[in-house]
Amino acid sequence: MSGGYTSIDNQKVSGSVPAVSDPGRIPVQFTDSGLQTFPPSGVQGKISGGAQPPRDADDSFSRPVGGSPRGSEESQGGGWLHKFTVAAYKPYFDVDTSDVLDRLKESLYPFRGTFTEKTATNPDLYGPFWICTTLIFVAASIGTFVTYIAHKLRDKEWNYDINLITWSAGVFYGYVTLVPLVLFVILKYFSAPSGLVQLFCLYGYSLFIFIPAMCLSVVPLEIFRWIIAGVAGFMSATFVALNLKAHITSAGESWFLIVASIFLLQLALSVVLKLYLFTVSV
């Protein structure tokens, strides 16, 4: 036993113990994870990471008139049936409060004519929907209040008119839907650059000026109400006309007729609102 230990010790001292070979680096492979990378690449929307910019967004309003429209010619994935899903319209409501407020402020400065350029890449339907909805209730409530005050001042019996709500809903929802549709068809006929969603957006925000105008129409002075209706109609009509003028000029000689029709139609809306809502007969 002792002799064995002595020989081992002698081998350690003399360095005759064979060295252990280095196995080298052992490659370690991991299976691919099913988790997605965060943050996801190509995030465009605010609602979800997968939301992409609206494909109907027409960037021709932010380019020279000679440019060709892009968004209205493209088709979304999934074919035409995709248009009947909620996901197809989610990008058009993908705006922040700051975005909506900026666009509302822009609509109050009609002579700038820069609204379509600022909304060319992301037109929204959120603002137009709530503007029209607010207008319906404001028009019905203010119109009712005006008639109530007029009857009370003359000690006459007053009855609530429920038709004000249905009439207001038909006027505002119908106007902001049908007029852009007709204008879109006309512009397509003249090969002028146009985007349907952007027209909805433009006309929706153009009605915002009527909200404060209706509130001011509570003042029981007929001449004051006519002035308010005229100023609001002029600002709204100018806002729409100037934002479309530079792009309708590509329609040829008919551009002036189209712009004039847009301007007069917007003025006619303010006159209709004044005559129906704020002309009180006791």
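The chain as shown is numbered from 1 upward.
A Cβ is built for glycine as well, from the same backbone N, Cα and C atoms used for every other residue.
If you check TrEMBL, you get these features:
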COMPBIAS  1-14  compositional bias 'Polar residues'
COMPBIAS  30-39  compositional bias 'Polar residues'
DOMAIN    113-272  domain 'Yip1'
REGION    1-77  region 'Disordered'
TRANSMEM  125-150  transmembrane segment
TRANSMEM  162-190  transmembrane segment
TRANSMEM  196-216  transmembrane segment
TRANSMEM  223-242  transmembrane segment
TRANSMEM  254-277  transmembrane segment
Where else in the chain does the transmembrane segment (196-216) make close Cβ contacts, counting only residues six or more beyond its ends and a cut-off under 8 Å?
54, 56-58, 61, 71-72, 92, 103-104, 106-108, 115-116, 119-120, 123-125, 127-129, 131-132, 134-135, 138-139, 142-143, 172, 175-177, 179-181, 183-184, 224, 228-229, 231-232, 235-236, 239-240, 243-244, 266, 270, 273, 277
Could you give the mean pLDDT over the domain 'Yip1' (113-272), rounded to a whole number?
87
Long-range environment of the transmembrane segment (223-242) - Cβ separation under 8 angstroms, sequence gap at least 6:
107-108, 110-113, 115, 202-203, 205-207, 209-210, 212-213, 216-217, 259, 262-267, 269-271, 273-274, 278
